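Below: the structure, in C-alpha cells.
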Amino acid sequence: MANYFNTLNLRQQLDQLGKCRFMGRDEFADEASYLKGKKVVIVGCGAQGLNQGLNMRDSGLDIAYALRAEAIAEKRASWRKATENGFTVGTYEDLIPQADLIVNLTPDKQHSAVVQAVQPLMKQGAALGYSHGFNIVEVGEQIRKDITVVMVAPKCPGTEVREEYKRGFGVPTLIAVHPENDPKGEGMAIAKAWAAATGGHRAGVLQSSFVAEVKSDLMGEQTILCGMLQAGSLLGFDKLVSEGTDPAYAEKLIQFGWETITEALKQGGITLMMDRLSNPAKLRAYALSEQLKGIMAPLFQKHMDDIISGEFSGGMMADWANDDVKLLTWREETGKTAFENAPQFDGKIAEQEYFDNGVLMVAMVKAGVELAFETMVSSGIIEESAYYESLHELPLIANTIARKRLYEMNVVISDTAEYGNYLFANAAVPLLKGAFMASLQPGDLGKAVAGTEVDNAQLRDVNEAIRNHPIETVGHTLRGYMKDMKRIAVAG
C-alpha cells in the first residue's frame, strides 16, 4: 500500500487540503433518519466507540458491537463496556455480513488489520466509517469499490461527545466522503446522518476531506494541543523550582494553570485570554509570545512539512513494526520527569492567580495557537479547519493534564497523537531551555508582573494586533455556533 496523498498530483492535493465548508443547520433537517432502519455495527469499544454508540442508539439507530472472538471469550474491557450498556455484542463473522454501516473506531495502528478482517465479510454496497482518516490517507488502505467510505470526526475526546449529547448539545464535527469510494453517491447522506446521531449538528459541522482532516489533525495534536503543553509543563516547572519555588506550588500552578488559562480561550479566544491579564502583564505576554513565535516557527514548519510529505507517518509506522520501542521509551522518560513526580500542593490557588503568576504560560498558549494556525493555513488548510485543530481543542486537552498531569493526557490521546507529541516536545524543550528560559524576568512565571506604568499607544497597538489576528476573526464566527458549551470547572 502507498500513501494515498502522495499518489495525488499537486492540483488534487491542494484541492483536498482546501476542502472545508461550514454546513448550514437546515442541511440537517432530517437528522439521523437516513440511517434509521439500517444496521450499524461498531468495531471497537474504547472512548469514541462506546460514547458515539450510546449517542447513536439514543438517536434511534440500531447499534451493535463487533469484537474479536478472543475479546469476547476473555470478557475484556471492550466486551464488558458494551454488554454492561445493553448492546448486542458478537464476533465479526456474526455481525458484519448483515451490517449496512460498519464504523471502525479502533486505534490507528489496528485499522489495517481490522479492515482486512471485516472487508471480506461486508455485504455488497455496504458502507465503512472512520473517525480519523489516517488509515485511508497515510497507510493508503484499498477499499473494495462497491463500498462507500465516510468519516465523521468529532473534535473532542469521546467522553465529551457523550456529555455534550446528554446536555442536549453536541461537539463540533468534521465529515467527509472518500472520493475513491462513493459508488452510489450516498456517502454525504450517510455521513450527515451519522454526525446528527452523535449530536454534532447542534454544535456545527464542517464538510471536509479525509486529507484535510488527517493533515490538520496531526499538526494540531503534535504542536499546540499536546507537544506545546508537554514542553511548557516540563520547562515551566523546572524553571520555577530552580529559582526556589516550592515544588508542590510549582506543580499545581502548571498542572491546573493550563486548564484555567485555556477556559478563557474557549469562551472568548486569544482576546479574552489576554484580557484576563493586567495591562503591564498583557504587554509582557505579548512580547514573550512574539519572541517564542520567532524561535519556534521553523520547528512548527518542520512538523507540517513532515506531515504533508508522509515522513512523519512513515517514521511512526516503522515504530509500530518495531513494537513501539520509541513510543514506549519516550512514555517511560516522561513518567520519570520531576514534574510528573512532584508532591501535591494542599493550598488553594485563586483563579486570577493562575493568570497573574502564569504570564509565560499565557504567552506559550498564544504563540502556539497562532503558529499552528498560521502554519496550517500557509500549507493550504482552510482557516476553519485550522481553528478546530488548534484553538478549539486546547481546553479539552488541558483538562486531561488537570486530572493526572502529563500521564493522563498521554493516556487519553491516541497513540498517534502521543508519538507526535513526544517528537515535538523532545525538540522544543532543548530549543527553549537555554537562552530563552534564561532571559525570563521576574514576574514572567511564579510571581505577578510588578509595576503599573503602561504606554497608551503601545497598549492600543497590542490590543489591535491581538484582536485582528485571523484566528480571532474565524473563531468569533465559529464560537457563535457553540454558545451552549459548558464551562470546564477550574481548580482552586
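Residue numbers in this text run from 1 along the chain shown.
In case you wondered, yes, glycine gets a Cβ from its N, Cα and C as well.
The annotation domain 'KARI N-terminal Rossmann' is assigned in Swiss-Prot to 14-208.
The feature active site is assigned by Swiss-Prot to His132. In sequence order, Asp108, Met151, Ala153, Glu213, Val214, Asp217, Ser414, Thr416 constitute the residues six or more apart from His132 (active site) in its chain with CB-CB distances below 8 Å.
Sorting each residue of the domain 'KARI C-terminal knotted 1' (209-344) by its DSSP state yields 118 helix, 0 strand, 18 coil. Per Swiss-Prot, the feature domain 'KARI C-terminal knotted 1' maps to 209-344.
Summarising the annotation, Swiss-Prot assigns Mg(2+) 1 binding site to Asp217, Glu221.
Residues or ranges marked as Mg(2+) 2 binding site by Swiss-Prot on the basis of sequence analysis: Asp217, Glu389, Glu393.
The domain 'KARI C-terminal knotted 2' annotation in Swiss-Prot covers 345-485.
Summarising the annotation, Swiss-Prot assigns substrate binding site to Ser414. According to its DSSP assignment, Ser414 (substrate binding site) is coil.
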Distant-in-sequence Cβ neighbours of Glu221 (Mg(2+) 1 binding site), under 8 Å, six or more positions away:
Gly227, Glu389, Ile413, Ser414, Thr416, Ala417, Gly420, Asn421
Within a 10 Å radius around the Cβ, which one of these binding-site residues has the most neighbouring Cβ atoms: Glu389, Glu393?
Glu389
I want the residues beyond Asp217, Glu389, Glu393 whose C-beta is within 8 angstroms of the mean position of the Mg(2+) 2 site's C-beta atoms, in chain order.
Lys155, Ser216, Met219, Gly220, Glu221, Leu225, Tyr388, Ser390, His392
Most Cβ neighbours within 10 Å: which of the binding-site residues Asp217, Ser414 is it?
Asp217
According to DSSP, which of helix, strand or coil covers Glu389 (Mg(2+) 2 binding site)?
helix
What mean pLDDT score does the domain 'KARI C-terminal knotted 2' (345-485) have in the model?
94
